[in-house]
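Asks: Feature table excerpt (TrEMBL):
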ACT_SITE  Glu259  active site, proton donor
ACT_SITE  Glu456  active site, proton acceptor
BINDING   Asp127, His167, Asp175, Lys371, His376, Thr418, Asn457, Ala458, Arg489  substrate binding site
Amino acid sequence: MTITLRSSTSFISLRHTRSLKTPDGFSGTVCFAQIKPSCRLQAKNSKQEAQLSHDDILVTEGRKSKNWEKLHAISGPDHSSNNSRVPVFVMLPLDTVTIGGNLNKPRAMNASLMALRSAGVEGVMVDAWWGLVEKDGPLKYNWEGYAELVQMVQKHGLKLQVVMSFHQCGGNVGDSCSIPLPPWVLEEMSKNLDLVYTDKSGRRNPEYISLGCDSLPLLRGRTPIQVYSDYMRSFRNRFKDYLGHVITEIQVGMGPCGELRYPAYPESNGTWNFPGIGEFQCYDKYMRASLEASAEAVGKTGWGHRGPHDSGQYNQFPEETGFFRRDGTWNTEYGQFFLEWYSGKLLEHGDKILAAAERIFRGTGAKLSGKVAGIHWHYRTRSHAAELTAGYYNTRHHDGYLPMARMFSKYGVVLNFTCMEMRDGEQPQHANCSPEGLVRQVKMATRTARTELAGENALERYDAGAYSQVMATSRSESGNGLTAFTYLRMNKRLFEGDNWLHLVQFVKSMSEGGRHGKLSECDSSGTNLHVGFIKDKSVQKTTEVALA
């Protein structure tokens, strides 16, 4: 997750009226027809804003950039030229389908989809929660709430991205609803605590099944990979008539928050706070057995007893630890061995799931995608500690994103990356963040690997500054541009006043390759993009709704 701050999950309630009311006393109008705002969004070139890309190794500008590209033989099709249209999707609330398996507030959903369609949005994204669909027992699937949503999306002429969400909802920032893993899975976890990720202090994390047991038949005779495969196959069979034209993308969940990573920075119970380095998650018995076998294979049995003893605690900084400090253990022979094993296990996990997904959805016409977390804090340090604990072996001397991009490319999977809206200058200095440098590195990695890149915003943002940054990163001056962008998230605030107008203009600008717009009259957000006063509020064929 980037630190993936999820927004409110409760639905807006819409009813036909002539004014729009919010708890803050705001009144205004949401129009389902064409809106003609006078404000324009202007994207600054991200290269003008950029400070540091990937330390001294991954440089993206000037002569050094050209040399780097030649060194890595960057070639192949440019998936998003400066003039390419970038379709915009909007994430639906986390509780779109209820615990009972029904579509949540269908009348509100219908009105919301109508509004999004009028704004020019390409489609919407929804989580298909494992904990809802297969909660009644192994191989007992209930897709009815999702079937109702698919039909509604089709009626409005929209597209649908569906996330195979094999993780728990709850325990991370913004997860205001709770959807645990299926009860029968939790029962197995209670019998065998090593089914879940474990840190060096013995804390167990039930967000996602440990990848250490991917190939072990511990779920009532099935392996986790078999369980995920059966789930995806059931989805394909249930929605085969919609795949490829209504359901255009399947995002395959591969870890906490649906991201290919370890749960190194869990927010639940205050375990971790930004910008802590996190902790390695390799202490369940299956991960320990794998580490021991890997150490024996290289003739270093002493390296296989446990993870690094000097890697610190969740909320420490790199220089406070022996492992992550400037010239720490991470850069020794042992450190390199451990990080190659730890990150390699994550890549193996992703490879197994994506291989299964590719076989299952082959020939359906639906794209496959997978999500990689935007871990931008401590990116400016040598060790990139927060990335390392999450399983991304990305340091000053080692590119952690190119191997992932190549694995995605192997199966024709789109790499979906977060933090597209973030600027370096917005981040606290003590955290050594560089979301812009991180995004540039990932853009270069996907271009080298010849895999498509899609993006999301990590935080709930409505300001023009965030939209302008997305437009800048969507272009392909350096590395891949974006083939699609998914906005987080549909909620009540999105439909309020200027927030709605900003979204409409953003969608229009992205449809024109992020080129549209000019600087306007005032800057209400403190960014380098200005939002003018809305002078022209004329609309055509207006349908008005209230958000109560």
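Count begins at 1; order follows the chain as displayed.
Backbone N, Cα and C atoms are what each Cβ position is placed from, and that goes for glycine too.
Annotations in TrEMBL come from automatic prediction, not curation.
Quantities reported herein were computed from a predicted structural model and do not represent experimental measurements.
Can you tell me where each of these features sits in this structure?
Replies: In the shown protein chains, 25 other C-beta atoms lie within 10 A of the C-beta of Glu456 (active site, proton acceptor).
For Asn457 (substrate binding site), applying a Cβ distance below 8 Å and a minimum sequence separation of six or more within one chain yields Thr418, Cys419, Met420, Glu421, Ala466, Val470, Tyr487, Leu488.
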Asks: Would you count the other CB atoms within 10 A of the CB of Arg489 (substrate binding site), including those on all shown protein chains?
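Replies: The answer is 22 other Cβ atoms.
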Asks: Based on Cα coordinates, which of the following recorded positions are within 10 Å of Glu456 (active site, proton acceptor): Asp127, Glu259, His376?
Replies: none
Asks: In Å, rounded, how far does the Cα of Glu259 (active site, proton donor) sit from the Cα of Asp127 (substrate binding site)?
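Replies: Between the Cα atoms of Glu259 (active site, proton donor) and Asp127 (substrate binding site), the distance comes to 13 Å.
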